[in-house]
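Questions regarding the structure given below will be posed in turn.
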Amino acid sequence: MPKYRSATTTHGRNMAGARALWRATGMTDADFGKPIIAVVNSFTQFVPGHVHLRDLGKLVAEQIEAAGGVAKEFNTIAVDDGIAMGHGGMLYSLPSRELIADSVEYMVNAHCADAMVCISNCDKITPGMLMASLRLNIPVIFVSGGPMEAGKTKLSDQIIKLDLVDAMIQGADPKVSDSQSDQVERSACPTCGSCSGMFTANSMNCLTEALGLSQPGNGSLLATHADRKQLFLNAGKRIVELTKRYYEQNDESALPRNIASKAAFENAMTLDIAMGGSTNTVLHLLAAAQEAEIDFTMSDIDKLSRKVPQLCKVAPSTQKYHMEDVHRAGGVIGILGELDRAGLLNRDVKNVLGLTLPQTLEQYDVMLTQDDAVKNMFRAGPAGIRTTQAFSQDCRWDSLDDDRANGCIRSLEHAYSKDGGLAVLYGNFAENGCIVKTAGVDDSILKFTGPAKVYESQDDAVEAILGGKVVAGDVVVIRYEGPKGGPGMQEMLYPTSFLKSMGLGKACALITDGRFSGGTSGLSIGHVSPEAASGGSIGLIEDGDLIAIDIPNRGIQLQVSDAELAARREAQEARGDKAWTPKNRERQVSFALCAYASLATSADKGAVRDKSKLGG
């Protein structure tokens, strides 16, 4: 029978000092012996996805204590990728994932907490907490802040839906008037919550559902809706049950590594491909799998991408649907239901509610359930009122979207495409693979060949795009922006958005060893591995080289002979200490980022730290 971890600090005469300090936090004699549960919050006023979380930790804590536990809350950092985008701040985004994971480990292990409720939401916070949860392997439930409502405005006498990416594209489009750009900017992000499309934050919150670590509805129920409060209340009650099951009944099925098994990871990736999730999810799932000591690799993702169709299409891949529409159609469980009926899921998995996949679908799939309360929950909709307050409205759709032929979520027979929304490509400068969000690629450019325009920083590429130096047919190559080379693996949302602003969205390709925002669409290929700074062949591409992209056949090829590439590699190596570094790039890199770069692996490994470099 496992011993409560917290007993280390609450029992025994020699722990009198620790108990004295616990008493100073409000604990009493009656609390010693109860499980101590960490409420891991991420409130900050910097991030709209987290601005409403200040009081939500208290909601969870009250339920924990009512159920017989002791709740202790702490906060992690949270970086807003949208605000950090397009300048030096983006260097810090991906490294913050490791800081978040480490800080959770530090706090939980330093104070011997028994379990956790993780209150996350945005891009690197959910992955960082997920990595920590699987590293620590103590009972955990995730409950995120929820998606933002889609923006809406009237343009050309038509009401259209908007999001952050629209504001970025129109702001850089010389054909758009100042007044229209201002109107879109003011309408794009109307409420608290994670940005309203299937961007990285919402993708990851959906994947925690598929992994079994959060409750049904977690990925899609709006941040502003009153129904979302119940997820927080339930999480506080349920975590005490899970904790007691493990420590008092020796039930290891309550542990995250047993819930988020390899079968669950395969289900999560299957969901990701079917819903056209952010390419960043590949990085984060690979990283989380390593923390769980699960053998889940790019090869597994490649195999899944070849058989899973696209059953859901959401912004940025279409302007018709946002997360509020996914929820109306049944949310994550709705997509999983269609995948299950197509025979594409592992059914022998459980979630934090203790339900198997078939049991979860029977109760929560809107196409199966007889529970009116569940149907009512999935009718929770937007109010269209600007607010930063959680649970501030109770609007509902008149009906569910259960149209699996033409609705937001489709059945296998009516799939958006037989190929899924993500694909892994391999070739002579991406030997370990690269990732493309096929959901956002127009059919006309699934095969594309063009001359390379090579840039050794995102900034130079942006200047060239806006300066008219990139023309139709070009393949923009941005290198030395990987985990080590950036350092920090910047997102390339501005270059891809500006290509659209310049009318080149369907006329050019962009390839990088960096990564893309979940808001990116178009022929944008990232995560090229090995990265240039690690000696990857992307560092050998020269202006004018022809690059052939073949998404249907999963290929990407630099049309240069092996002999020529060998000669270029020899010349690169001859640069000595300057080999595999960008030429003529001035970038101030802090000690903190240098420390990250010194251990960073390429994207095919999840951009995690290379433990072999630490010795031991």
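Just so you know, glycine gets a Cβ as well, placed from its N, Cα and C.
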So Swiss-Prot lists ASP123, LYS124, GLU491 for Mg(2+); which of ASP81, ASP157, ASP163, ASP459 goes with them?
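Mg(2+) site check in Swiss-Prot: besides ASP123, LYS124, GLU491, the record includes ASP81 out of ASP81, ASP157, ASP163, ASP459.
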Quick one: of ASP81, ASP123, GLU491, which of the binding-site residues has the smallest count of other CB atoms within 10 A?
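Among the binding-site residues ASP81, ASP123, GLU491, the sparsest Cβ neighbourhood within 10 Å belongs to ASP81.
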Which residue, out of the binding-site residues CYS122, CYS195, shows the minimum number of other Cβ atoms inside 10 Å of its Cβ in this structure?
CYS122
Provide the number of Cβ atoms within 10 Å of the Cβ of SER517 (active site, proton acceptor), excluding the reference atom itself.
30
Counting every protein chain present, what is the number of Cβ atoms, excluding its own, within 10 Å of the Cβ of LYS124 (Mg(2+) binding site)?
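Taking all protein chains shown, LYS124 (Mg(2+) binding site) has 29 Cβ neighbours within 10 Å.
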Using C-alpha positions only, work out which of the recorded positions ASP81, GLU491, SER517 is nearest to CYS122 ([2Fe-2S] cluster binding site).
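Nearest by Cα distance to CYS122 ([2Fe-2S] cluster binding site): ASP81.
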Name them in sequence order: residues not among ASP81, ASP123, LYS124, GLU491 whose Cβ is within 8 Å of the mean position of the Cβ atoms defining the Mg(2+) site.
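For the Mg(2+) site, the extra neighbours are VAL79, ALA84, SER93, LEU94, CYS122, THR200, ALA201, ASN280, SER517.
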To the nearest whole angstrom, what is the C-alpha distance linking LYS124 (Mg(2+) binding site) and SER517 (active site, proton acceptor)?
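That separation, Cα to Cα, works out to 12 Å.
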In Å, rounded, how far does the Cα of CYS195 ([2Fe-2S] cluster binding site) sit from the Cα of ASP123 (Mg(2+) binding site)?
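One finds 10 Å between the Cα atoms of these residues.
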Do me a favour and check the Cα-Cα span between ASP81 (Mg(2+) binding site) and SER517 (active site, proton acceptor); whole Å is fine.
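About 8 Å separates the two Cα atoms.
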